[in-house]
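If you look up TrEMBL, you'll see 65-104 marked as domain 'EGF-like'. Taken from TrEMBL, the feature domain 'GAIN-B' applies to 180-348. Per TrEMBL, domain 'G-protein coupled receptors family 2 profile 2' is recorded for 353-599. TrEMBL lists 616-635 with the feature region 'Disordered'. Under the heading signal peptide, TrEMBL lists 1-19. As annotated by TrEMBL, transmembrane segment applies to 355-376, 388-406, 412-436, 463-481, 501-527, 547-569, 575-598.
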Amino acid sequence: MIETTRGLCFLLSLSGVMAQKTKGTCRQCPQDASCVNATHCSCHHGYISESRQQYFTYPLEICEDIDECKPRISIYCGVNAKCQNTKGSFYCRCNAGYKLLSGKAQFNNSSENTCQKITPSETTNSTKELQQVVENIESLLTNKTVWGMEEGRNITATFTSILQKIESVVLETALKTPDQKLQKVQNRTVAVETRVVTDNCSKAVIFNLNAQMNSMDIHCSDVIQGNTQGPSVVAFVSYSSLGNIINATFFEEANETDQVYLNSQVVSAAIGPKRNTPLSQAVSLSFQHVKVKPSIKKVFCVYWKGTKEGGHWSMEGCFLIQANKTHSICSCTHLSSFAVLMAFHREEEDPALTVITYVGLSFSLLCLLLAALTFLLCKAIQNTSTSLHLQLSLCLFLAHLLFLTAVDRTEIKVLCAIIAGVLHYFYLASFVWMLLEGLHLFLTARNLMVVNHSSINRFMKKLMFPVGYGVPAVIVAISAASRPHLYGTPDYCWLHLDQKFIWAFLGPICAIICVNFVFFLLVLWILKRKLSSLNSEVSTIKNIKMLTLKATAQLFILGCSWFLGFLQIGPAAHVMAYLFTIINSLQGFFIFLVYCLLSQQVRKWFGEIIKSKSEPETHTLSSRFGPDSKPSEDK
């Protein structure tokens, strides 16, 4: 009996030791896992081990969250709903404009996946009121008189005040109709989505709000904020035009070496009726980039830190989660107005292209100056055609000179914008004068048979100056009045690529190139007809040959160089850049060659000048030694 009692005590003590060992094994299971059969661990529901084993003993194993919303996992939320993954679970939510038959905000049971379309009668009144609010916001943000009178600190204070009023009005409008849980309104510059919560929800419930191409994830518990007396609301607003008012210049935390740009739309997030309350969990914000550039150097997630005196962009409480070429995802611990600022790697300039540009343009300036002096001083060639050549040479000379000396003077923004506008004007004027040359050449060729040059000259003299200098002035004035902020870039004083503003230059020159090409074809057709009916008059043949040469050179000068500029894409971009730079920088030389050096009258004029300079020297020697004397020779 004693032995039996001792044996029983031994078994009880042994079982206690085993129990302690079992407890120790349970303690060794990783996070989101628990003990199974006292020997193995298993991940909780909604998680999977990194080794993909259901049972494991390795104490450093990791249990990963299963993304039930991935296509390979058979979670079906229904036709008009979408899946939202959460930590260890998931839920489904009806799309905008649909609601569950049960009236719930979300579901995760496949039997409840019937989302029905909200009838117009349910949304008409509330949506109309919110639509009116959005229209008022748009008219306020696009009112140039509101922003045009403000500068510096005043504009930031106005901006802060307006954002706060917009958020308050949107929240109040949504709370007026708590039965309309989801509202979404969008117009040209503003998009708003609101969600009203009328019941309690767990921390696992996450609301996803979308406005334009941006989105926000916020936990339901942060929307409620312990409010049990009535409905709560969260609003998400996206503005597509605020970047023109509050840009990256109001970012005080960037260092001087980085040129920072606003590369997203500005969005605002707010909850009510309680305002400015801390969040228990950070919100996730997804931004679509305004510009898609591969050379991203830094990404800053910022919020607008506004005060009564002003405001600025700040990184406090906002962190970058991930970024690629098209999107950035930020996490912020508070609600406000947010944006993404970026610094890009500056594209390194090709030193060979720089040398070619400066040497070629300098040589072109010399040739243009010589050509202009020739057109002014050589009386033998002065006519309507020469006047057109002179104006073209002057416009190209001033454009090239300004380009060489001031295209990179970006320190003072106002000065840079003026330089960009003047460059825009002179290059456009050059093309318009080229168009007039093409028109004059066509009219001259057309009237070869009747030799009626007087009417052409009268027509061109009346037309050329108003068109040559007036048309580019009108184009630049309209461009500057509509988008003055797009004159000047951070790197060069030229037209900005944003909002396709560069087409204020490319559009007119494309039209001019096409019209001149038509003139060239018509000239060739007229010359062909003339050649077929010619007699043996040598002078007429020479005139036609010269016209043909000028027409060919005209097309080359007008269009070929800039056409190569359009082809700077794809694998051949580098080669095209070299060809464009070389040909474009030698335009002055081509003009001097075609209209001066190849002109028999100009060569004769040059010869007379050289001869007149040598005659005084001969006369001086004759007077010094006499007609019969010879200079003495040193012995």
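All residue numbers here begin at 1 and follow the chain in the order shown.
Every residue, even glycine, has its Cβ placed from backbone N, Cα and C.
The stretches the transmembrane segment (501-527) and the transmembrane segment (463-481) are in mutual contact, each linked to the other by at least three Cβ pairs under 8 Å (pairs 6 or more apart in sequence). With pairs at least 6 apart in sequence, the transmembrane segment (412-436) and the transmembrane segment (463-481) have 3 or more Cβ pairs within the 8 Å limit; the two touch. In the predicted model, the domain 'EGF-like' (65-104) has a mean pLDDT of 73. Comparison of 355-376, 388-406, 575-598 by number of C-beta pairs under 8 angstroms to the transmembrane segment (412-436) places 388-406 first.
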